[in-house]
Amino acid sequence: MEFPFDVDALLPERITVLDQHLRPPARRPGTTTPARVDLQQQLMTIVDELGKASAKAQNLPAPITSASRMQSNRHVIYVLKDTSARPAGKGAIIGFLKVGYKKLFVLDDREAHNEVEPLCILDFYIHESVQRHGHGRELFQHMLQKERVEPHQLAIDRPSQKLLKFLNKHYNLETTVPQVNNFVIFEGFFAHQHRPPAPSLRATRHSRAAAADPTPAAPARKLPPKRAEGDIKPYSSSDREFLKVAVEPPWPLNRAPRRATPPAHPPPRSSSLGNSPERGPLRPFVPEQELLRSLRLCPPHPTARLLLATDPGGSPAQRRRTR
């Protein structure tokens, strides 16, 4: 892929690594240095054109690699240039490989969800005119050495059939683990850091560490013997009575005046508003005949006798009626 500016002077190495800042790499001594703004603009042009070519080769509706996307994400792009062909003395670009770490929820072979953050292959493109010349393997192998990962530890975002055949041919990656998203992982993805070690491996590591450490272990703490079930007695009534006995506090707390003991049965309070007295129970109903009989049998009051004796005009019959 050719450009109107000098690619060979812009990218001094055969494989150049660009991050989100898109800073131009260090230039060779003795070469003319144009303005830094112009160099960064040339790098952005290269990234945009490579993204468009990759989208066209994969039949994508829009490019997934551009300079604006690179600046907004922490991705890394590996650019491979052609050092042999120099059309018009300006050099050419063979292809690129974009990678980045992403947090994913993937399924393992037991269909269990796992939250991982692997290195992902996000975009991969080699120009059609130089394919099947080993450039793709050279670029991919350089990325593996730079990132220090194995091919089966990668996650590929929506790989094309050409990329799947490429991985199967050069790295023997064929069996995939089915996923519910657009990423593809291969068998062996969970072989290392994604799964906890087995219990047997943990025990082996612990025994090896104990054998290698010459420091004597701390003595085991002896626990008190457990009481037998037969020695446990039920909660007796004598124990309950003993707990009810009040223990006199020590001096000088026992010198404090004690509060008056409230009555066992306090007087009932009136339910009416204020302090009005309560009414007692009503007396039983007395018939009229018994009431008259009790009045006749009741002896006269001494004051009434005195009045009857001093009244000269009163007849015996009238006094009888009055009485």
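Just so you know, glycine gets a Cβ as well, placed from its N, Cα and C.
These features come from TrEMBL:
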type: BINDING; residues: 124-137, 160-169; note: acetyl-CoA binding site
type: COMPBIAS; residues: 209-221; note: compositional bias 'Low complexity'
type: COMPBIAS; residues: 226-239; note: compositional bias 'Basic and acidic residues'
type: DOMAIN; residues: 1-190; note: domain 'N-acetyltransferase'
type: MOD_RES; residues: Lys56; note: N6-acetyllysine
type: MOD_RES; residues: Lys146; note: N6-acetyllysine
type: REGION; residues: 196-239; note: region 'Disordered'
type: REGION; residues: 252-287; note: region 'Disordered'
type: REGION; residues: 303-323; note: region 'Disordered'
type: SITE; residues: Gln58; note: site 'Crucial for catalytic activity'
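Leu164 (acetyl-CoA binding site) is 13 Å away from Gln58 (site 'Crucial for catalytic activity') when you measure Cα to Cα. In this view, Gln58 (site 'Crucial for catalytic activity') is surrounded by 17 other Cβ atoms within 10 Å of its Cβ, with every protein chain counted. All protein chains included, Lys146 (N6-acetyllysine) registers 13 other Cβ atoms within 10 Å of its own Cβ. Geometry remark: Gln161 (acetyl-CoA binding site) versus Lys56 (N6-acetyllysine), CA distance 15 Å.
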